[in-house]
Amino acid sequence: MAISYASLYLAVLLLSTIQFLESSMLGFASTPIRGEIQASPEEYSFIAVLYACFAVLSISKVRWFIERIGWRYYVFFSIILYLVGALVCSLSDEKISFSIGRAIMALGGGTFMTIGRLLANTLPGHLRFNGICFFATGVLLGTMGGPWLAALTVSEGHWQAMFWALLLLACIVALLTIIYAPKMELPRETWSSSSFSFVFLLGLFSFFILYLLQRSYYDFYNEGVILVCFVFLFLGGLISIFYTEHQRERPLFRLRDILTKRYVAGVGLFCVCYLLIGMNNYVQPQYLSTGLKYYWESIGVFQAVALLCTLVIWMPVMRFLLPKYPSPVKYWVFAFGSLAVYAWIFCSFSPVVDVWAHIVPALVLSGFFISAGMGTTAMQTFREFGGNEQLFAHAYQLKNMLGQIVQAIGTAAATIFMQWRQTVQYGNLNINMVTGDPLYSRSIEEMSKYISLTYGSKQSDALAIFQQSQELSRQAVFLAGVEYYWLIFWVSMIVLLVSVVQRVFR
């Protein structure tokens, strides 16, 4: 019995690790992977949309499949699909096969986080908290290891090794679950039902919402009004099909029972967290690499070291303090206060900054936001459903489906904001960059003399102007990043105040 519980703990740990390791690796290594599969930024982001759409569909059917084929077969077949998709991606050298592989991975592995948390919920009451701790540890391990492993594999010239690592971890989970996963059979009268039209429309509306968000990266300033109108149109369609499902006697999701005040407030806070994470995941690497000129591989190491520190500090807190002092407000104050300090440090940087005195401590604080903010919200949101596995599963599936869409909204919002502010800042910096300006002419002349020592006098002027333009672009990114982090600072302070004055969670 002890061995089976230990094996389930390990399976829960690995399931959450795999999903967060995959997303952090492929997000961090997007630029080199694009080059390897010969995809433009637009095409690569479309692949991400495809993955998210299939993930939403697979998450929606988790409980439905478990009720019919049981835990062992469902997890095993999900992992088989995931292995096939990861293998296709690792063998891909062009975008079509890579996109097919990612779609298959989404069908199998887009549910791993959901499966891991539901699996932890099957443990007996006194062991369930241990399972949740292992699940949270996996989230931090995946988030921590992704950038480091991506930087390591790409710098060694073997980007496919990212998928080999995922294959290895998934094989271990398959072995553990096929032996130790619960054998329980659920009574047929408790099964949820599903209609083809609901699943089809869910996939259709999710795809169009995500696709329009992806298109906003490129067309927002030309066709912004049209894009926003269509996003709201498809959001309305998504809400309407859930409303129709809500009226059915045996729906896929028991919305009547799960839409309590606590759950709605908790999911709202989750959406804020997912939005901020999606925005930070886009801006942070760009700010550090382009704005502050750190090597891509170094940024991966910075993030890994910072999140390791977060893990070492936070895990004892979660294991020993949370059960004794469960009131959530102090943890939210700590989480959003950490995010505010992280943003304040990042927006206070000069162009030359010390890594270990400023960047790594700030990244540690960002890790506290993820661990304390998301972890506390999870414990509070689903408290009412802990004794009913079906209600808990439906509530958790719905939250994760929303998470896929909200993170995409965060990425789109951050992209549009950075494009806007970079354009404004570049225009401000470029005012005096004209031939008649004495300071500009002098700097070009001095730079040209220096370059001529290596490349000769014929190319020196053109290279000097090119380098000056590059430096201007870098400074525009840096200033746009400073403005972004001021925005994050004020948003985190507002959420902190709301978490203090709210009366739903006490």
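Cβ coordinates are placed from backbone N, Cα and C, and glycine is handled just like the others.
TrEMBL: automatically predicted annotations, no manual curation.
Note that this is a predicted model, so its numbers are computed, not measured.
Mean pLDDT across the domain 'Major facilitator superfamily (MFS) profile' (8-506) comes to 82 in this model. Sequence annotations record features per position, and here TrEMBL assigns domain 'Major facilitator superfamily (MFS) profile' to 8-506.
What TrEMBL records for 45-66 (among others) is transmembrane segment.
Sequence-distant neighbours of the transmembrane segment (73-93) (same chain, 6+ residues past either end, Cβ-Cβ under 8 Å): 36-38, 58, 62, 65-66, 100-109, 111-112, 115, 119, 160, 163-164, 166-167, 170-171, 173-174, 177-178, 181. Taken from TrEMBL, the feature transmembrane segment applies to 73-93 (among others).
The feature transmembrane segment is assigned by TrEMBL to 99-120 (among others).
Annotation comment: TrEMBL describes 132-150 (among others) as transmembrane segment.
The transmembrane segment annotation in TrEMBL covers 162-181 (among others). Sequence-distant contacts of the transmembrane segment (162-181), counting only residues of its own chain at least 6 positions beyond either end whose CB sits under 8 Å from a CB of the stretch, comprise 3-4, 7-8, 10-11, 14-15, 17-18, 21-22, 25-26, 29, 71-72, 75-76, 79-80, 82-83, 86-87, 89-90, 109, 119, 149-150, 153.
Residues annotated as transmembrane segment in TrEMBL: 193-213 (among others).
Summarising the annotation, TrEMBL assigns transmembrane segment to 225-243 (among others).
The transmembrane segment annotation in TrEMBL covers 263-283 (among others). Beyond the transmembrane segment (263-283), the same-chain residues lying 6 or more positions past its ends with a Cβ under 8 Å from any Cβ of the stretch are 27, 339, 366, 369-370, 373-374, 377-378, 380-382, 384-385, 395, 398-399, 402-403, 406-411, 413-415, 418, 481, 484, 488, 491-492, 495, 499, 502, 504-505.
Residues or ranges marked as transmembrane segment by TrEMBL: 295-317 (among others).
Counting residues 6+ beyond its ends, the transmembrane segment (359-379) has Cβ neighbours under 8 Å at 132, 136, 139-140, 143-144, 266, 269-270, 273, 276-277, 280, 284, 288, 302-303, 305-307, 309-311, 313-314, 317-318, 322, 326, 328, 331-332, 334-336, 338-339, 341-342, 345-346, 353, 492 in the same chain. The transmembrane segment annotation in TrEMBL covers 359-379 (among others).
According to TrEMBL, the feature transmembrane segment maps to 400-420 (among others). Among residues of the same chain six or more beyond the transmembrane segment (400-420), those with a C-beta under 8 A of the stretch's C-beta atoms are 48-49, 52, 55-56, 59-60, 110, 113-114, 206, 209-210, 213-214, 216-217, 220-221, 267, 270-271, 274-283, 286, 477, 480-481, 484, 487.
Per TrEMBL, transmembrane segment is recorded for 484-505 (among others). Using a Cβ-Cβ cut-off under 8 Å and counting only residues 6 or more beyond its ends in the same chain, the transmembrane segment (484-505) has close neighbours at 261-262, 265-266, 269, 272, 276, 279-280, 283, 287, 328-329, 332-333, 336-337, 339-340, 343-344, 346-347, 369, 380, 414, 417-418, 421.
Contact counts against the transmembrane segment (295-317), taken as Cβ pairs under 8 Å, peak for 132-150 among the stretches 45-66, 99-120, 132-150, 193-213. Here the transmembrane segment (193-213) has Cβ contacts under 8 Å with residues 46, 49, 52-53, 56-57, 60-61, 64, 227, 230-231, 234-235, 237-238, 241, 244-245, 248, 250-252, 401, 404-405, 408-409, 411-412 of the same chain, all six or more residues outside its ends.
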